[in-house]
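> This is the structure I have questions about; it appears just below.
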Ligand SMILES: Nc1ncnc2c1ncn2[C@@H]1O[C@H](COP(=O)(O)OP(=O)(O)O)[C@@H](O)[C@H]1O
Ligand SMILES: N[C@@H](CCC(=O)OP(=O)(O)O)C(=O)O
């Protein structure tokens, strides 16, 4: 079976140049339908699919009568506001043919970098996936100023891959994959089928050229690969210039696979254990120690004392009654709220806080045991 066939959670990124006909500025519905047929096929095979789609600016530009090149930032943002409506509607229509529900999610760089927003976005996305909807994500172009913009959806898609712990990222582009040199300028350039590490040699292959309506080029695709591999996912670049582009990858058509060594969950846990400095401490009772050893989440009921100042999403140490640190994790509540619900049953959270938070103080996906 192909690597894509084995994937369980896949993020697919679609570049503007694929969806929007350059000459007319129109959305290519026929092509989109073939792509969505493939998405339905992947889902029928048991995979969950998240879409990251560009195209809002290219679609809105024509409607507002803006030039293709050298539009000002605020003009592009205005174009995105118009084009995003068309884009979301196109996905909604195409997915509905398979009885699938589209969910529009617009993110900025802050949402994937600032811990609180990151957790909120992650919770929303995982809820959508669990409910069977297909998230269709784009950058929130209208609100983002240059400092808080991604500017390219390749890296946004890689951050989303990490955020939802997807095992596979597919970047559909106008080329079959990474070539030894830019295929536009070098007729001898050859497709690289597999990349195991992003070395200086690989970096040298990516030039800076950019297609007519896109903004990325190969450089941002390599940056995306670095993020995806760091999150334990594999990444493919393949052409979307064909009907049924995902089926083509499933049938081992031309592509470049960037192959990582870890698994998404293992990488995430390594990040929690190693890269983050705990800012608070949760003392837990013996029952909680036992539950954590069995791989369960930490519930408020098992927390007996709290120290330090932390906000939702911060890293905390979890200490056994003996004072030994047994785990680390991302806490789901601010210190003040954590204190109010400590020692209480999860069913009481809503009555105590006045709003319904998570049942867990630290969810098991956000928790790593640090003693053997
Ligand atoms: N080594 C390379 N291999 C493949 N494509 C390259 C390479 N170097 C530069 N490119 C250029 O990158 C383009 C793909 O990036 P881009 O146009 O940004 O796609 P998208 O719109 O899908 O993000 C190719 O069409 C090609 O012109
Ligand atoms: N957010 C922008 C797309 C930015 C982008 O990365 O474009 P592309 O290089 O075509 O994938 C839009 O929707 O127009």
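Each residue, glycine too, has its Cβ placed from N, Cα and C.
Keep in mind that this is a model prediction, so the values were computed, not measured.
Below, the features straight out of TrEMBL:
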| type | residues | note |
| --- | --- | --- |
| BINDING | 13, 173, 174, 215, 216, 217, 218, 219, 220, 221 | ATP binding site |
| BINDING | 54, 141, 153 | substrate binding site |
| DOMAIN | 280-362 | domain 'PUA' |
> Count, for each of the binding-site residues 141, 174, the other C-beta atoms lying within 10 angstroms of its own C-beta, and report the residue with the smallest count.
174
> Determine, using Cα-Cα distances only, which of these binding-site residues is closest to residue 218 (ATP binding site): 54, 141, 153.
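Nearest listed residue in space: 153.
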> Which binding-site residues are spatial neighbours of residue 220 (ATP binding site) here, meaning Cα within 10 Å, out of 54, 141, 153?
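Cα within 10 Å of residue 220 (ATP binding site): 153.
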> If you draw a 10 Å sphere on the Cβ of residue 220 (ATP binding site), how many other Cβ atoms land inside?
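Around the Cβ of residue 220 (ATP binding site), 22 other Cβ atoms lie within 10 Å.
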> Quick one: Cα separation, residue 54 (substrate binding site) versus residue 174 (ATP binding site), in Å?
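Rounded to the nearest whole number, the Cα-Cα distance is 13 Å.
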> From 13, 141, 174, 218, 220, which binding-site residues have a C-beta atom under 6 Å away from some atom of ligand 1?
174, 218
> So if I draw a 10 Å sphere around the Cβ of residue 13 (ATP binding site), how many other Cβ atoms end up inside it?
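The answer is 30 other Cβ atoms.
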> Could you state the CA-to-CA distance between residue 153 (substrate binding site) and residue 13 (ATP binding site) to the nearest Å?
7
> If you check the binding-site residues 13, 54, 141, 153, 174, 218 one by one, which have a CB less than 6 Å away from any atom of ligand 2?
54, 141, 153
> At the level of the C-alpha atoms, what whole-angstrom distance separates residue 141 (substrate binding site) and residue 174 (ATP binding site)?
23
> 54, 153: which of these binding-site residues has the highest Cβ count within 10 Å of its own Cβ?
54
